[in-house]
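Novice: Starting off with a structure, shown below.
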Amino acid sequence: MWPFSRQQNVSRILPIVPTAPRRFPVWFPAVLVLVLIALDQWLKAWALAHLQLNAPAIPVIPGVLDWELTFNTGAAWSMFSGSAVPLALGRILVGLGILSYLLWKPQGRFLTVVLSMIAAGAIGNSIDGLQRGQVTDMIHSPLLSAVTEAINGTRFPIFNIADMCVVGGTILLLVASLLPERKREKAVPEA
């Protein structure tokens, strides 16, 4: 039997050095943003080619997910309706600002992914606002609509991948900010 535990032996040989958070390569945020924007734009093009405005919803996963084409000149729940171009300019500034920050000052992996999602969503919807004067939405959730109808009598908005990126990234960022920060425990050398 060893006089010390394995951890004690290792810590006597190798000092515990705090490590920086693991990071992606500096180009990763730009690639992730481009991939998410491409996916968003592809689905919007598909929806414009295959779905009809005011047509009945097409169930994908019955009761959970439907295809339903609509357009929005504002933000969620039609807030700021008729303001597509000013909203698009604001979104593109936010998206490019976040992406520039990530490229200029690399962050840990979690924050890089979350902020890249938000940037991609902002830029994806700004492309629609600048090109068409409206944002193309096509994803509807009957399940989420049932919840919002029970709470306040309104249907959950129809959304797109860009919206999912912004909302998902924001929720993840909020949850992470509420969790206690994990700190590495430093071993105290024994005398």
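Heads up, the Cβ atoms here are built off N, Cα and C, so glycines get one too.
Just lifted these from Swiss-Prot, have a look:
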- Asp137: active site (ACT_SITE)
- Asp163: active site (ACT_SITE)
- 26-46: transmembrane segment (TRANSMEM)
- 84-104: transmembrane segment (TRANSMEM)
- 110-130: transmembrane segment (TRANSMEM)
- 156-176: transmembrane segment (TRANSMEM)
Novice: Is the transmembrane segment (84-104) packed against any residues at least 6 beyond its ends, judged by a Cβ distance under 8 Å, and which are they?
Specialist: 26, 29-30, 33, 73-75, 112, 115-116, 118-123, 125-130, 132-135
Novice: Within the same chain, where does the transmembrane segment (156-176) have neighbours whose Cβ lies under 8 angstroms from its own Cβ atoms, ignoring anything closer than 6 residues to its ends? I mean 6 or more beyond.
Specialist: 36-37, 39-40, 43-44, 68, 70, 72, 76-78, 110-111, 114-118, 120-125, 128, 135-141, 144-145, 147-148
Novice: What Cα-Cα separation, expressed in whole Å, is found between Asp163 (active site) and Asp137 (active site)?
Specialist: 9
Novice: Which three-state DSSP class does Asp163 (active site) fall into?
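Specialist: SS state of Asp163 (active site) = helix.
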Novice: Can you check which residues sit near Asp137 (active site), meaning Cβ under 8 Å from its Cβ, same chain, 6 or more apart in sequence, and list them in order?
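Specialist: Listed in sequence order: Leu69, Thr70, Phe71, Asn72, Pro157, Ile158, Phe159, Asn160, Asp163.
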